[in-house]
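Below: the structure, in structure tokens.
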Amino acid sequence: MASSMRSLFSDHSRYVESFRRFLSSSTEHQCMQEFMDQKLPGIIARIGDTKSEIKILSIGGGAGEIDLQILSKVQAQYPGIHINNEVVEPSGEQIAKYKELVAKTSNLENIKFVWHKETSSEYQNRIIEKKEIQKWDFIHMIQMLYYVKDIPATLKFFHSLLATNAKILIILVSGTSGWDKLWKKYQSRLPQYDLCQYVTSSDLSQMLDKLGIKYECYDLLSTMDISDCFIDGNENGDLLWDFLTETCNFTKTAPLDLKAEIMKDLQKPEFSIKKEGKVFFNNSLSFIVVEA
């Protein structure tokens, strides 16, 4: 690895901008929306049975866009029932955006929001130390398990917090996605970062099987338009390169042979599909539903 290469996570503003470009170039949120509309109502059909209050725990809730979609589905399933929604999110910036979103969203009168500025492991340690363990009806972890050091221990802990008929929803990249191939092939040649690990639904399935935890997995196709990555000096392409490789200023700091090799791979059918002169990276997502 060239010494000039450094992790994208070492530059917060660059990471935020590359992530924004990823979202605008991909069907990630549309894919999640499709799942929320088509599958989620059936999944949450019994979580609030015989309960006067529904308790929801959001781990890594970010700025709240997906959280509010989930809450609207729960409201539709259980009209009028009080919902206690607690959010665990380490970024104060994201929590501020979440609060702004709540402030300008209508029909949230029956929902109580509580935010905890901490990581999932900090939350876990605090709950265990203070013996404040409570049961939850629905826990969701959306695109956050990459930032957890001990995933099996985290899964085991949150599974132990499930009430009767409760579920955990985990969303992360699919083992059939281009990410899986990219990470497996190149992770040793890209900057490593202590706070992020390469994990897909295939890895998660193995962990859940080993723990003896029951789950169902749904895969939905999502793509990311990476056509700009093949235009030299294109700003959008450069930022997408950073996101794909988790490397800050990848096009400027990566060895030429590494860049050429990844560029060649990204155009292969196991990584991407070509359509109407554009290249679409396979960003497929897995939606894993864990049962109590």
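From the backbone N, Cα and C atoms, a Cβ is placed for every residue, glycine too.
Residues annotated as substrate binding site in TrEMBL: Glu28, Asn283.
Feature annotation from TrEMBL assigns S-adenosyl-L-methionine binding site to Gly60, Glu89, Gln94, Ser120, Ile142. A 10 Å cutoff on Cβ-Cβ distances gives Gly60 (S-adenosyl-L-methionine binding site) a total of 21 other Cβ atoms nearby, all chains included.
Here the binding residues for S-adenosyl-L-methionine are Gly60, Glu89, Gln94, Ser120, Ile142. Their largest Cα to Cα distance works out to 15 Å.
Asn283 (substrate binding site) is 24 Å away from Glu89 (S-adenosyl-L-methionine binding site) when you measure Cα to Cα.
Within the set of binding-site residues (Glu28, Glu89), the lowest number of other Cβ atoms found within 10 Å of a Cβ is recorded at Glu28.
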